[in-house]
Structure formats: C-alpha cells, structure tokens
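Single-structure report; data block below.
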Amino acid sequence: MVVNLLSQMSESFWSSDVWLPPGVTWKDIEPNDQNPIAYPRFSDIWYPVLFSFGLTFLRLLFEKYVFFPLGIASGLRPVRPWKGQAPDNPTLEKAYLVARKGRLNYKQIQGLAKQLDWTERQVERWIRMRRMMDRPSTLVKFMECGWRFSYYGFVFAYGVWTLWDKDWLWDINNCWYTFPHQGVTNDIWWYYMIELSFYWSLLFSMFEDIKRKDFWEMLIHHFVTIILLVLSWTCNLVRAGTLVLVIHDCADIFLEMAKMMKYIKWQKTCDVLFGIFTVTWICSRLVVYPFWFLYSTCIGAKEIVPMFPAYYIFNSLLLLLLLLHVIWTYFILKVLYRAILSGQMEKDSRSSSSEDFSEDNSKSGNSSASPTTPSKRLPANSISQQSREHKNSK
C-alpha cells in the first residue's frame, strides 16, 4: 500500500509533461548503448553525496598540513582565545549547552544562582566567559578561508578549461538549440560532480563552521544551488548549469584571499583584493548573470524551446539566486563604505559577533579570572541589563 502510494507520487512528480518539452519523454533522453548521445544519468546524482565526504576529508588535510603551518608562519596563534577561562561547573555547563550557547533569560539566571548559591552577577560572568571559549581563533578562520580559496581557485580554473572549447560559452543560444538532445562529455560530468559535491559538503559543514549574520541566506543558497544542479542534471539543462557555476565561482576567489590577508594583518594587500572582489562580484553577479544569462533563460530560450512547466520552476530559482546576490551586495557595499571612511577594510559585515573578538584582546585578559572576579574587558550583555531593570522595578 505504502510502496504503491510512493510509486504513484514519484510518477506524478517526475511526469515528463512537467520536466521536459512537449513531445519528449524520459525514454527519449535515457542513456543506452544504441543511442550515440551520452545523456546524463539520473543515478549519477548520488555520487556527489559520497564524494562530499571525501571532499570534507581533503579539506581537513588542507587545513592541517597547508594552512595551519602557513598561519603559524604568518604569526597566528594555534589556540582559542579565552581558553580555560570559565571554571568547570557541570550545572552551568549543562544549562549553557541546552540554552543554545548560553542564551538564558533572567528567570533561568535567577534559578541557577539559587541552585549554586551564587549571585546572579557571578552566573552572568561565567556565561560570558564560557561564550568566549567557543569563539574561534583567527587561525581557525584563516584555515577555513584558505580551504575555500583553494577550492574556488581550482574549480574556476577547471571550469574555464572545460568550457573554453564549448560552443555555448561563446553563444549562449547553443544551450537551447537541440535541447534536450545534448550529450555530456567526461570533463563536463566531472565539473558537475565536483561542484555538487562541494555544495553538499558546505551544507553538511555549515552548522559546525563559523556562524555569520547571513547564515540563513547561505542555507537557502546551498539548498537552491543543490536543487538547481540536481534538476538541471536530470532534465539535461547541463549547459546552462555550467554557465551558472562558472559565473558564480570567480568572485569568491578574491573574497577568501582578502579575508586571509586581513587575518594575517597584510592590510594593503587585503584592501586591493577586496577592491578586486567588489568589482568582480558586481560585474559577474549583477551584470553578467542577470543581463546575459537570465536574459537568455527568461527571454531568449522562449524563442527557441517550446515552453513547459519546469522552465518556470528553473527561472524562479534562478531569480531567487539573483535576490540573494542583491542582499549580499548590500553587505559588501557596507564594508566598502566603512573602508572608505576608515582608510582600510574593516571586518566582513556578514560576520557574526563572534568574529568581532580579536586575539589581541585575549592577550590582555586575566587568565585567572573567576566568577567572583569582575573583568572590565568583558562587555555587558542583555542579561545583565535585564537583571538591573528587574531589580529597579522592585
């Protein structure tokens, strides 16, 4: 019963009337020995899920054996700031982990203080120091950016090399001529599999990586990208997919390298790279992507390919990507504006508050601080303000 229901749902979802042009069925683009066209296989989309684990292992190797020693040689410290500041306390540790990294309200603070026979101020101070322990060191951020810089540099070079002799790179209308009867070569197969593997690995690792203000935007971006890649592979919209990939990879190279230079305090190099990144980003994602690629998918393709429902699904997702580009451009221009005012690039405005903490601050902190020892360098938070307001109301 359940199997039949799932089978019917699958057949309805993958109806050729939805995903393929009129008059074309899945059998028409099914790979077989008699057909000279090497169509993409739907079963291939499972390879990237497995490859993503290998890519994650490769990332660990790069971070440990390439960017860790490179960061050390550049003067970064291999320790987390404020490590060991908060004394061991199982009760507070449990409350801290349950309450989403110590985001406790006043009543919870009050209850813990009574349970431990501490003052509320002592509990608040312990929580602040415990948060400091979770903040990543500059070296960790440097290694994370180093891995992404390596990947984007490699995959963009490979993408350009792969597409250089492809006719649709020079005339985008070749994405639609003869569609969907278009073959996939080995280099295109690997290009798609590598890219899809990377986005799967990003989706798996982003919950452990450094959290940024645009966490949800990035989560949506990864989901949309994976959906686009999987569906475009299934429907053989691979040519258009390769153009989206190569357009999106070029700017990120300069962004990750600029961050690396920022972390090792090569400020002038950082400013130059960030300027190159800003120009590249705007040209690729707000000029080339909408006025060349989206113009072709939304207008040019309609004159060549008979319309079908999936056409509107793909274009909706592509327009959602454009919306994300506009949001990120706002963040970038904020950084650029601050850089002009201050004379140098400040921190990435996408970064969370955890990245505002610098290792220089930890050098001047009191390593023997305890919940009963106030620290002037610890910023007051909303909890302490809430506590004072509650007392004043009494």
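Every residue, even glycine, has its Cβ placed from backbone N, Cα and C.
Unlike curated entries, TrEMBL annotations are predicted automatically.
According to TrEMBL, the features are:
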{"type": "TRANSMEM", "residues": "45-62", "note": "transmembrane segment"}
{"type": "TRANSMEM", "residues": "138-161", "note": "transmembrane segment"}
{"type": "DOMAIN", "residues": "140-341", "note": "domain 'TLC'"}
{"type": "TRANSMEM", "residues": "188-207", "note": "transmembrane segment"}
{"type": "TRANSMEM", "residues": "214-234", "note": "transmembrane segment"}
{"type": "TRANSMEM", "residues": "270-292", "note": "transmembrane segment"}
{"type": "TRANSMEM", "residues": "312-337", "note": "transmembrane segment"}
{"type": "REGION", "residues": "346-394", "note": "region 'Disordered'"}
{"type": "COMPBIAS", "residues": "365-386", "note": "compositional bias 'Polar residues'"}
Exercise for review: Please figure out which one of 45-62, 138-161, 188-207, 312-337 racks up the most CB pairs under 8 Å against the transmembrane segment (270-292).
Suggested key: 312-337
Check your understanding: Among 138-161, 188-207, 312-337, which stretch has the most Cβ pairs under 8 Å to the transmembrane segment (45-62)?
Key -> 188-207
